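Here's the structure, in structure tokens; my notes come after.
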Amino acid sequence: MIRRVLFNLMAWTIVLAVAFPLFWMVVTSLKPQSELFRRPPTILPETLTFEHYWQLLVETNFLTYFQNSVVLSVATTVVVVSIATLGAYSIVRFKYWGRESLAFLVLFTYLLPSVVLIIPLYLMLVGLGLSNTILSLVIAYTTFALPYALWLLRSFMAGIPEDLESAALVDGASRMGAFRDVILPQLLPGIISTALFTFILSWNEYLYALVLVNSDNTRPLTTGVMNMLISSFNVEWSLLMAASVMMSVPLIIVFAFLQSYLTRGFGAGGVKG
Amino acid sequence: MIKNQKAKLERQYATLGMMLIAPTVLVFCAVIVYPLVSAIYLSLFDIYTPTLQGEWVGLDNYRELLGKGEFWTSLRNNIIWTVGTLSLQILFGIGMALVLHQNIWFRSLARSLILFPYFVSTVVAVLVWRWLFNDLYGILNHLMMAAGLIDMPIDYLGSMPNAMISVILVGAWKYFPFVVIAVLARLQTIPDALYEAARIDGAGPVARFFDITLPQLRDVLVVIIMLRAIWDFKEFDLIFLLTGGGPVTSTQTLPLLVYKEAFSLNHMGMAAAYAVTMMAVMLVFMIVYIRKTREKEA
């Protein structure tokens, strides 16, 4: 019994140590400016304040960045997941020339470093006159999101028994009819978890946003928030921590409500990182 | 007659399959294959970024980069960073997975808390750590001084070897949850009978770990190590945002060098040459990973 309690205490000490930076982020964002610079620092704030959150919404471009990030991530997710669902169905269930090499290419590009693609992509998007637009980021994000989504959906698709589809075909359904009525409902949990991961990837991306966009109207959260740190000569850590918390809110929501889908996705193909 | 019909149906299916894959192939060619090929092509030119004008220099970029000290120091940093952060991720990841595999209180909450650093944006992680590392008001210096570990505040990011150690630690903190989840999933499939048999034979917990758990984890560990090695090797955001490659160039890895050449020093062609060389180094690991994954599926 004592051993069990000790083991639990040890385990939770490690867990809390790992989570401490995130706890400290929330605490800092709620401290008034005066308390922030007190030594020794207070672990729990003596007075709670939401002034930094208010300041963030009213005095900075945070809301624009937030909106850009939402548009960008949703657009990338919708485009990538719809293309990848059809693609995964094709790769798993049909036989045609070049299918094997295509599957190999998908896996290869899943591992490809962004810095190799970024120079030609930059030249291409500048050439198309798309630089500084959200569209250019959606295009750039498909370079990592599409191979990833295909890779993930492929393994979900492979898990659906082929018999179900054959039965529908024998009953006279067309191939696409069977896809719509039989495969799609079965694949739905896979589609949801792929969509969640694609959204998280796009929400967190930094490098392409840094290179392709440099105006405040189109900047997403990642580069926008970082820019607040660099451009303000007087760094306000509470403000930055409040921004970090707000930036993580969509992830926390995803986490809280859709955890089972996240675990499923993790099992199917790992998460890109 | 029936045979004929069947062949016809198969042809129809093949066409349908190709139509379904067509959007994927188109996007792949436009945003991945074309840029990949042109990266190699660009690396043979000397291009000035603002004007995008340049001339053919052949293999000169490659000759120059191999002769430059900066390439070799960046490669060395890249290897130190990858090996350092990866070993911590693996060691800590396996340890944490073993702990979370046990029946601890509020296990699912503990798992969520462990997982969170992985999903949080790198920008957020870096901002938080820079605040923890802050020399004047950072909690880390304060706690270490209060515990009597140090007398003076430490400069975590501005001096060597502190900067490299800090980057490696933050990288390990951010990415070890990946190892935890992957190992945890595998642990759950090891049959209990194996452990019972070992217990009857009188094997202690340590012997059970080395004789049963580790051999059972072997295959999944090879795949995880390969995948994380590839991802850590190409890491840009975390190092760039934490130190920017500094102090001077002591934490500058190859991805940072590519970015610097292309967008600060304005040598597009040279940057492409660095990128292509970096990929050549990574290719070994990529091929091993692809082989291992295929083996597992077959």
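One is the number of the first residue shown, and numbering goes on along the chain from there.
Heads up, the Cβ atoms here are built off N, Cα and C, so glycines get one too.
Feature annotation from TrEMBL assigns domain 'ABC transmembrane type-1' to A:66-258.
Packing against the transmembrane segment (A:7-27) from elsewhere in the chain are residues 43-45, 241, 244-245: each is 6 or more residues past its ends and has a CB under 8 Å from a CB in it. Look at TrEMBL and you will find A:7-27 (among others) tagged as transmembrane segment.
Tertiary proximity for the transmembrane segment (A:70-92) is limited to same-chain residues at least six positions away from its ends with a CB under 8 Å from its CB atoms, namely 99, 102-103, 106, 134, 137-138, 141-142, 145-146, 149-150, 153-154, 156-158, 179, 183, 187, 191, 194-195, 198-199, 202-203, 220. The transmembrane segment feature in TrEMBL is assigned to A:70-92 (among others).
Here the transmembrane segment (A:104-128) has long-range neighbours at 91, 136, 139-140, 143-144, 147-148, 150-151, 154, 207-208, 211-212, 272, meaning same-chain residues at least 6 beyond its ends whose C-beta is under 8 angstroms from one of its own. Taken from TrEMBL, the feature transmembrane segment applies to A:104-128 (among others).
Under the heading transmembrane segment, TrEMBL lists A:134-153 (among others). Within its own chain, the transmembrane segment (A:134-153) has Cβ neighbours under 8 Å at 68, 71-72, 75-77, 79-81, 83-85, 87-88, 91, 106-107, 109-110, 112, 114, 117, 121, 125, 187, 190-191, 193-194, 197-198, 201-202, 205, 208-209, 212-213, 218, 220, 265, 268-269, 272, counting only residues six or more beyond its boundaries.
The transmembrane segment feature in TrEMBL is assigned to A:182-203 (among others).
What TrEMBL lists as transmembrane segment is A:237-258 (among others).
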